[in-house]
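In what follows, a single structure is set out as structure tokens and then discussed.
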């Protein structure tokens, strides 16, 4: 029985081969042709698939820009107006200034003389009515005095008073019932201190009384906080608190 050698060359001249060999050789050539067609079609399919993927990729490229830029734009839209329309809770007042005072025992009427001095200084430049030039905000542990511009808007300049350093406050003054004043212990650069009396004029007597009550409440919260932290002895009375605060804060 005749069989095709394994090392048979793919020769164009097959006349010397038997008919069975010719048919086998023809079959091999057809198989090779089919393989080439399949490979070509596969390459075309891969090329087509790659082009489709490229199209899809190109279409999706702008999406990250939308995803990352949109929230940023929304954030700017929401935060920018808030910065422009930022408001502070507090009472609009006319800050009369401060003057140094002496003594360590602050009783009823101790702010009358300093307030009269500040009132006289301020009335020299007074026209008809004092325009509000500050916003006084009393918080649990601090008092913020926001200075206003000529438009009545809060500026970046603000004076901060620690409630623990406030020795006395009152809204009871003979010169004007609308004045609220407080005595504050100011620490100097050389660690020495001085007692300053600050005064503001409110729009009404009621507003001045409200500030006095708010200051008293802030002082109470500060006292209880320092007492719970052990910074004030449990048997300390309200009269001894100012001395405790001064020794602790100095």
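Every residue gets a Cβ built from N, Cα and C, even glycine.
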Could you check which of 207-228, 229-250 is flagged in Swiss-Prot as region 'Disordered'?
229-250
Within the domain 'PID' (93-250) only, compute the mean pLDDT.
83
